[in-house]
Amino acid sequence: MVYFINDIITGALIGLLYSLVAMGFVVIYRASKVFNFAQGELVIIGGFIVWFTTMQAGLSLWLSIPLSLVLAGLVGYAIERIFLTKLIGESVFSMVMVTVGLLILLRGLVLLVFGPAVRPFPIIFPLKPLFLGDMLIPMNLLIGGIITIVAAVGLSWFFNRTRSGLRMTAVAEDHVVASSMGISVKGSIAVAWVLGAILSTIGAMIFLSGKSLTFLASDIGFAALPVALFAGLESIGGLILAGIIIGIAQSLTTNYLDPLIGGSLGSVVPYIIMLAILLIRPTGLFGWRTIERV
Amino acid sequence: MTYQSNRGLRGLLAAAALAAAATMPLKAQAEETYNLALLSDFSGPYADIMPILAGGREAVFTWWNETRGKELGVTLNYKNYETRYDAAQVASLWPGIKSELDPIAVVGLGGPDVAALSERLPEDKIPMFMATAAYGFAWQPDAWIFNPRPTYSHESVGFLNWMREQRGGDEPLKVAILASEASPAYVDMAKGLELYAEEHPEEIDLVEVIYTEVQPTDLTGQMRRVVRAGAEALVIQTNTSIVVAAKRGLQANGANIPIMVSSHNGLPASGGALGGLEQMEGDFEAYGMAIAADEDTPARQFYKTLVADYGLEAPWNVVTAMGVSQGLYTVTVIDHAIEANGAEGLTGEMVREALFAKPITTEETHGFLPTLSFTPEAPFPLEGLKVNVGTVKDGKITIGATGVDVPQVEKW
């Protein structure tokens, strides 16, 4: 029974890591109605920035972490300025296609700049797990879970209680209308990409702490996708619940069903849950329902 | 002009004509050129090892062209094609490769090449030579795709039996395997070992079969299962990221179960990804190929020749050894085909026939591979299978054992 509870806790914490990466999807979507297919690549870019500042530049973690977050924010800002600003007012489809192009471009850039070698990622969180009796909780996931919840509360407050956040929501509704109301569409979208890049970098630190770094780590973006769609692409608070549900379902499947069937159903379960929810409620659990009056 | 001078001129012309006639066959020999298509992954999951592996095999082709090739009047041209380790990419590239190069052989990389081309190569009558161990799903008679090593499961079984002998006692060795459904080859590694353990319960007790992603989020829970099951060895023949995640999972559980890795995710690569080879202390790599250890072996001497005279820049490690051994058995088969058929008009079919006609001796591959006797029954030699074992001792790779017998493994 202890192990069963332990698997539930670990699963919930892995789910929260997915939620953090999915938050990048949601922040950008909420500000621009653009689904960023390159979210996993932003995680990799963030990971390489952290690796470079610590392992290459030799900075201490206390210095490299804030510096990496600033650099990641600048990368997000640059991406928005170079690729997306000119598309404001164009169809959302064009912007989404640009993110598909970004996915390929960023992968190529990572290979070109950093090369293909598998690198050791710095140990940011203690490797020694937390022992609660017979239970064992990985420290990076535990601290990551706390960071995710704090980030979710902070971002919910930002989007729902601050003028900047509400302006971003208005931008997502309609670029032209928001512009005509005096809201800076460019500014709002830029803030969203900066936030998305910073969240991805935090996700990279939790995900990769003490492990290895290659561009394959971008797969975490696909792992986070079911969480974002399950929660509904506009809900930050919903991500927490969706992440926990998906993480627990995945953990229990991996630990109890997979050994029986001799396969990897655990990696598929998040997508099964996502599809089931989308069939019942196409906007996800907490997504906004748009009512159009004709 | 006098008679004498005329005679001198005629003599000179005759000598020139003779000299020209004597050089003509040589000139004609040197004109025989054959193409090899090299399938590579410089931007996919094996992008980290590809430049090293490619360096190894290309240096062998250069060496062969400048030595045996010159003697035989044959030049082997080659061209790399980027497959991203993706079967769909290989399949879409193949018609273009065939029309552009008309190769007499393909030098492949991994499972996606096998999956994409196993139906096409018999029709096109072009053999493909791999560097890796073989796959159970490709274990068919009348193959056109060949591996110098037995299947990954043969290699792991050979190693596990050796480990059981080292441990002593009659109890079966408790083993866990970490695989992934990301590639058919990864699944195959687990399936073969599962079947062997099922048929030989007195030798191997397979306590856990775990499937994970190629870049796992966390394996602490899975490693706890492995530890609780009392595993004495953990087989990981997939990639370095999984080795790193498993190692961290074992460390979190306070356990130190020896890990066995393969050649493509060998000790140097996995150790490097963990931050240092010393992190893999007591772990093993096992495969049917020379171990790239510090010892001065014939394989290492040949590697030094390639570095000194043929521009090889890759370091002495298992991936370089893999590339060199692939190049060596490929050129040896072509050499045998030329011996049997002459240098002119060589075809892929003749190269394949030469593979069955004559064994490739360990001397011909400079000790990189054991003597290989291919038969039409399987894509890899079924007799005389051996594996070598490398381990990390005091932070260095050393040879744990050489020529370990591989027991008979049934087809799965």
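Backbone N, Cα and C atoms are what each Cβ position is placed from, and that goes for glycine too.
Just so you know, TrEMBL annotations never went through curation; they're auto-generated.
Features as listed in TrEMBL:
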- A:12-29: transmembrane segment (TRANSMEM)
- A:34-53: transmembrane segment (TRANSMEM)
- A:59-79: transmembrane segment (TRANSMEM)
- A:91-115: transmembrane segment (TRANSMEM)
- A:135-159: transmembrane segment (TRANSMEM)
- A:189-208: transmembrane segment (TRANSMEM)
- A:220-248: transmembrane segment (TRANSMEM)
- A:260-280: transmembrane segment (TRANSMEM)
| Looking at A:59-79, A:135-159, A:220-248, A:260-280, which one has the highest count of Cβ pairs under 8 angstroms to the transmembrane segment (A:12-29)? | A:220-248
| Any residues 6+ beyond the ends of the transmembrane segment (A:34-53) with a Cβ under 8 Å from its own? | 21, 24-25, 28, 59, 63-65, 67-68, 71-72, 75-76, 84, 92, 95-96, 99-100, 102-103, 106-107, 110, 113-114, 119, 121-122, 124, 196-198, 200-205, 207-208, 213, 215, 217-222, 224, 233
| said: Using a Cβ cut-off under 8 Å, which residues of the same chain at least 6 positions beyond either end of the transmembrane segment (A:59-79) come close to it? | reply: 42, 45-46, 49-50, 53, 102, 122, 124, 190, 193-198, 200-202, 205
| note | Across A:91-115, A:189-208, A:260-280, the most C-beta pairs under 8 Å with the transmembrane segment (A:135-159) come from A:189-208
| remark: Lying 6 or more residues past either end of the transmembrane segment (A:260-280) yet within Cβ distance under 8 Å of it, the residues of that chain are 18, 223, 225-227, 229-230, 245-246, 249-251, 253-254
